[in-house]
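Student: Supplied in structure tokens, the structure appears directly below.
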Amino acid sequence: MSFIATPQFMHFDEPLPLQSGGSIADYDLAFETYGQLNADKSNAIVVCHALNASHHVAGSYEGQPKSEGWWDNMIGPGKPVDTDKFFVIGINNLGSCFGSTGPMHTNPATGKPYGADFPVVTVEDWVDAQARLLDRLGIQTLAAVLGGSLGGMQALSWSLRYPERMRHAVVVASAPNLNAENIAFNEVARRAIVTDPDFNGGHFYEHGVVPARGLRIARMVGHITYLSDDVMNQKFGRSLRAPTLPAARGSLPPEGTDPTRGGPASDRRDYLYSTQDVEFQIESYLRYQGEKFSGYFDANTYLLITRALDYFDPARCHDGDLTRALAVAKARFLLVSFTTDWRFAPARSREIVKSLLENNRDVSYAEIDAPHGHDAFLLDDPRYMSVMRSYFEGIAKELKTTERAGGAA
């Protein structure tokens, strides 16, 4: 059973310098905490979120039993990241649409929503903002920083920007930068949004519209990259979707549809011979995912976050030499990859491992044979969960040893 989570907010009126050369004059950060901070404040873990996630990492909200956090299977009492042992902090990134200051919020200079005027933010900017929140909470050193996908990039960035403030970095299903293919996927998604007639140059709020068509397509493109070929074939194959009434064409699947499969089961064998209707179950599934996403995510946030992904490249300032870039890191590392993840393939994690080893850093690496593609980092694969549990149990033992040594002194 899930525990009750409570969102919190912290306001900052000290300008935050940005990598772009600009700044954010004042801003709010949304966050949640789970567990208890110990007496010497040494058991804190920051969890960094991926593209469409938030600070709501674990637990459920009061009276909303279906509101479980996006990594609730990983974090909580008795779970791999055990909140009976750790004080876990989930922080919503700047530019998001889930509570922290972002494009939907009012620009104090104009009295209108920022929209496209919200400054471009980077992974490094997010990490700097997170560090400021920890300062407010009185936490100087973290037991670990943990993240998957884009969150893993933030964990890696933490080890470079604040090497003295963390003991462990746990980087899951991530990469040291995006390759050209991933940048291309992001660009296709962004073009779908900015060419939507309702986008209005990013200032659609004041027009009372949402570029839903562009968001739907962006999500459909992105979702394809999160799944593996094996999973897509197993779930959908070439199965046809049951026909719908003409009035329902192009709409959400009808009531009773299983959205995880894309549409009601169909034993029909004939094609509709139409270029407009939903013919295959995979089409229905992608449309469902796009429709759902466009109902809760902000278009400007999508543009900002995908561009932050594109820009992340710690080796860039070191002539492309990742080993030189990682030389400042002092944390111990766990990296986890998944064999069928083609968005951030295992070879990308091995690049990080190799560079850390060349710097004589303490590194553990697990490559999990899982069929689920990039989304595997969110799922309950027993081998994956065992690796995570074992590593965090080791961190908990370190903390106990340190506490005993402090008490003896």
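Backbone N, Cα and C define each Cβ position, glycine as well.
Not my notes, these are from Swiss-Prot:
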| type | residues | note |
| --- | --- | --- |
| ACT_SITE | S149 | active site, nucleophile |
| ACT_SITE | D341 | active site |
| ACT_SITE | H374 | active site |
| BINDING | R219, D375 | substrate binding site |
| DOMAIN | 43-380 | domain 'AB hydrolase-1' |
| REGION | 244-268 | region 'Disordered' |
| SITE | R343 | site 'Important for acyl-CoA specificity' |
Student: Using Cα-Cα distances with a 10 Å cut-off, which of the recorded positions S149, R219, H374 are near R343 (site 'Important for acyl-CoA specificity')?
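Tutor: Cα within 10 Å of R343 (site 'Important for acyl-CoA specificity'): S149, H374.
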Student: Below 8 Å Cβ to Cβ and six or more residues apart, same chain only. Which residues does that give for H374 (active site)?
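Tutor: When sequence neighbours closer than 6 are ignored, H374 (active site) has S149, A173, T225, Y226, L227, F338, D341, W342, R343, F344 within Cβ distance under 8 Å.
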Student: Specify the count of other C-beta atoms within 10 Å of the C-beta of D341 (active site).
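Tutor: Result for D341 (active site): 28 other Cβ atoms within 10 Å.
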Student: How does the model score the domain 'AB hydrolase-1' (43-380) in terms of mean pLDDT?
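Tutor: Summarising the domain 'AB hydrolase-1' (43-380) by its mean pLDDT gives 94.
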Student: I'd like the number of other C-beta atoms within 10 A of the C-beta of D375 (substrate binding site), please.
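Tutor: Excluding its own Cβ, D375 (substrate binding site) sees 21 Cβ atoms within 10 Å.
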Student: Is it possible to get the count of other C-beta atoms within 10 angstroms of the C-beta of R343 (site 'Important for acyl-CoA specificity')?
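Tutor: Its Cβ has 24 other Cβ atoms within 10 Å.
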